[in-house]
Amino acid sequence: MVQGNWTSVTVFVFLGFSHYPRIEVTIFVLCLLMYLITLLGNTILISITILDSHLHTPMYFFLSNLSFLDIWYTSSALTPMLANFVSGKNTISFSGCASQMYFSLAMGSTECVLLSMMAYDRYVAICNPLRYPIIMNRRVCVQIAGSSWVTGCLTALVETGPVIHLSLCGNSIINHFTCEILALLKMACGDTSMVQLIMLVISILLLPLPMLLICVSYASILSNILRISSVDGRSKAFSTCAAHLTVVVLFYGTALSMYLKPSSVNSQEIDKFMALIYAGLTPMLNPIIYSLRNKEVKMAVKKLLMRNPFSAILTSVLK
């Protein structure tokens, strides 16, 4: 068996979805649609948050951070795959693979922390509305968002560093559509127990713990919703919470099933489709679920559209 290390490899080859030739084109079309919708929805949200002073609130500050994050997250995971499919070259350089692995991990880890902080923000807004402006002031919001980004970037660095120094066995074929860290570990020779331990600790800190905080926050929110006397008000609040929790379950559920499964379980083919959900589907759903369904966001979008000649067509779509 041929053995080398990362730095001696100049090019990696992706297998992608070549094992499924009948649906490979369908997967490409779906990924392209998800990517374009993600770009459009998140760009709109960031733009209106900046341009409309009524949306200069903690909630939309965090949502604009999430939108910016999702654009980078989806771009790092899906853009190379889409480009490779069009060009027919399923390859990536060593530096490109290392960068893609780092940025995907950094964006994913940041989103894990940021989603839990957003749930806490909603908890304070609904359960303690009188003190909300004091607790979630501008300085605190910037600190929360900044700490989410720093945590994500640092944990990704801690995970990526040891992996790129591992020795590789055999060829440089990656059984995935991206430089996913678990797929690269499958190619490693020798003892990977230390790397797996680091990943396990970080995964526990970034997946079940934030998800627990989200569940506790929404449990408190739901208990407050039950006190609403209006049936319509309760129904609307429950609908909003259910939509939020659906996205949370999709994102954390797929990530948990990948990163906290026993190492003896070989599910690389399933992992590819799981990666499409948390790297493609949830970033597409986030702006729709969290923002674009809100009346104030729709009003802000309509105001923005009134400035261009195609406003009549686009406004009618939003009604």
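The backbone N, Cα and C atoms fix where each Cβ goes, and this holds for glycine too.
Annotated domain 'G-protein coupled receptors family 1 profile' per TrEMBL: 41-290, in sequence order.
Under the heading transmembrane segment, TrEMBL lists 25-48 (among others).
Annotated transmembrane segment per TrEMBL: 60-82 (among others), in sequence order.
Look at TrEMBL and you will find 102-120 (among others) tagged as transmembrane segment.
The feature transmembrane segment is assigned by TrEMBL to 197-222 (among others).
Under the heading transmembrane segment, TrEMBL lists 242-261 (among others). Residues 108, 111-112, 115, 119, 182, 199-200, 203-204, 207-208, 210-211, 214, 218, 267, 271, 274-275, 277-278, 281-282, 285-286, 289-290, 293 of the same chain, all 6+ positions outside the transmembrane segment (242-261), place their C-beta atoms under 8 angstroms from a C-beta of that stretch.
Nonlocal intrachain contacts for the transmembrane segment (273-292), taken as residues 6+ away from its ends with a CB within less than 8 angstroms of a stretch CB, comprise 27, 31, 34-35, 37-38, 41-42, 44-45, 60, 63, 66-67, 70-71, 73-74, 77-78, 104, 108, 176-178, 180, 243-244, 246-247, 250-251, 254-255, 257-258, 298, 301. Look at TrEMBL and you will find 273-292 (among others) tagged as transmembrane segment.
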